[in-house]
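According to TrEMBL, the protein carries these features:
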type	residues	note
COMPBIAS	196-211	compositional bias 'Basic residues'
DOMAIN	62-175	domain 'Phosphatidic acid phosphatase type 2/haloperoxidase'
REGION	182-211	region 'Disordered'
Amino acid sequence: MTDSPHRIAGYDRAVYRTVARLSTPVLDKPLRRVSDLANFSKLWFLVAGAVALCGGPRGRRAALAGLTAIGATSLVVNQPIKKLAGERLRPDRPGLGVPAQRWVRMPSSGSFPSGHSASAAAFAVTVGGLLPGLRPALRLVASVVAFSRVYTGVHYPSDVLVGAAVGALFGRLAARLALRRWPPPQPNDKCSHSGARARRETRTRRSTGPQ
């Protein structure tokens with residue numbers, strides 16, 4: 001049992017090194033840009049703006065709920081969780097073999113868990129829960145953000161996985177609260193109202209017909 005943390009850390013570094021050895025220069029620049037764009041949730045503010053602009057009232061509500069989920073998640077991840085985790089040191093990129101052309105600025109905060117991954121999951125799960133049509137695209141973008149944090153060398157895989165799990169938890173909660181506050185329209189209700197109105201009009205025509 002006492003060896004478990006060391007064993008997990010060993011697996012973590014092994015996966016990190018495997019990603020570092022990936023020979024994919026075509027991805028270096030795009031993933032650096034994605035990682036940088038996700039700083040301070042800039043990427044998600046842009047997505048929220050597009051959703052609010054194009055999605056009507058439901059889009060605006062979903063965007064608001066998604067940004068609220070990011071705020072709550074960031075507050076919890078960047079304060080109590082990172083402190084409870086003991087401010088885990090960031091990976092040693094040169095020592096672990098991450099090519100320098102992949103590097104982005106190394107944050108000064110603790111490594112565990114990943115705030116970028118937490119925010120990405122929180123937004124994707126919240127907005128995807130309110131607008132199911134966007135769910136696949138949002139999950140894909142959130143996954144790319146999370147992977148970019150390992151690819152650029154600023155996080156271990158476990159940082160990203162735990163961050164994403166925390167963000168997804170907050171996202172599910174935010175989506176549930178938003179659906180309770182703003183229930184989606186029910187097509188069946190509209191049909192039943194239309195049917196009842198049609199039946200009333202039919203009865204009226206019959207009662208006022210030729211005598």
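The backbone N, Cα and C atoms fix where each Cβ goes, and this holds for glycine too.
Since we're looking at a predicted model, the values are computed, not measured.
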Mean of the pLDDT scores, which run from 0 to 100, over the domain 'Phosphatidic acid phosphatase type 2/haloperoxidase' (62-175): 94
The domain 'Phosphatidic acid phosphatase type 2/haloperoxidase' (62-175), counted residue by residue under DSSP: helix, strand, coil: 85 helix, 0 strand, 29 coil
